[in-house]
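Asks: Pulled these from TrEMBL:
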- 1-25: signal peptide (SIGNAL)
- 61-96: domain 'EF-hand' (DOMAIN)
- 97-132: domain 'EF-hand' (DOMAIN)
- 186-221: domain 'EF-hand' (DOMAIN)
- 232-261: domain 'EF-hand' (DOMAIN)
Amino acid sequence: MRLGPKPATLGLLLLCAVAAGAGEAEELHYPQGEHRTDYDREALLGGQEEVDEYVKLAPEEQQKRLKSIIKKIDLDSDGFLTESELSSWIQMSFKHYAMQEAKQQFVEYDKNSDGSVSWDEYNIQMYDRVIDFDENTALDDAEEESFRQLHLKDKKRFDKANQDSDPGLNLEEFIAFEHPEEVDYMTEFVIQEALEEHDKNGDGFVSLEEFLGDYRRDPTSEDPEWILVEKDRFLNDYDKDADGSLDPQELLSWVVPNNQGIAQEEALHLIDEMDLNSDRKLSEAEILENQDLFLTSEATDYGRQLHDEYFYHDEL
């Protein structure tokens with residue numbers, strides 16, 4: 001029987017799956033170039049059941065909660081939402097839900113309810129059994145060896161997240177394990193893990209060739225489209241000093257999801273679509289005029305915030 005992860009969150013391993021499925025998701029999200037808001041709702045609310053609950057909310061209550069959210073986004077209380085205020089709110093929303101998910105997972109992983117998740121408990125939750133690979137012995141089967149490497153990386157991240165003498169992880173440490181990009185003391189680990197995977201010549205940097213991985217250019221044909229896209233990202237998004245390689249900080253911007261960039265893009269998109277008087281900010285009236293658009297955006301986590309008292313309650 002082959003060993004493998006259960007269908008659950010795999011922490012940093014999910015980044016690979018997200019990258020692999022990006023093209024398919026894009027096609028579902030924008031079929032023939034048309035934006036599907038129902039896809040947004042299902043993807044962000046979690047499924048049809050949550051979408052149905054969103055739709056059931058009475059219009060009066062929906063608008064009341066939306067107005068409360070608008071006031072909280074408006075940090076300077078001037079009656080308008082700027083790009084900066086919208087971006088900050090969206091980033092806060094991203095982090096809030098990531099932390100909420102980690103807290104829910106903590107309870108599931110903590111099998112004996114002692115307030116700590118041990119390595120054995122993590123294995124049982126993920127794989128239904130305790131797995132122990134020899135760190136120094138490679139496996140003959142390529143698939144098994146790949147899984148061994150991923151499992152050993154998980155163990156290293158688990159040990160790094162553990163900050164005290166307790167062999168298990170408390171809630172704060174578990175959050176660091178599941179979301180190392182959100183915790184300062186895990187930053188160096190994230191960078192080193194990325195260097196181990198991509199820095200093939202060991203010089204402490206990632207070149208364009210290393211960035212592209214196993215791709216080898218065929219001199220008799222043109223580069224495929226995906227290679228051109230990746231080269232553009234390397235040159236224009238990540239290699240800030242244009243020296244032809246990624247230093248540790250530049251590498252971090254590649255391997256860690258850039259929520260700030262995503263939030264800024266969404267904030268600009270909302271202003272472009274909803275700003276009726278071209279003053280580059282949104283009034284409550286403009287938002288209510290385009291309520292459906294606002295409720296199918298990341299500013300409200302696609303309507304999810306209207307069902308979460310953390311966002312619409314008077315005190316945030």
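For all residues, glycine too, the Cβ spot is worked out from N, Cα and C.
TrEMBL labels come from automatic prediction, so no person has curated them.
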Asks: Same chain, outside the domain 'EF-hand' (232-261) by at least 6, Cβ under 8 Å from its Cβ: which residues?
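Replies: Sequence-remote neighbours of the domain 'EF-hand' (232-261) are 15, 87, 91, 94-95, 181, 187, 190-191, 194-195, 198, 204-208, 211.
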Asks: Express the predicted model's confidence over the domain 'EF-hand' (97-132) as a mean pLDDT, rounded to an integer.
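Replies: Averaged over the domain 'EF-hand' (97-132), per-residue pLDDT gives 93.
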Asks: Taking DSSP states H, G and I as helix and E and B as strand, how many residues of the domain 'EF-hand' (186-221) are helix, strand and coil?
Replies: 18 helix, 2 strand, 16 coil
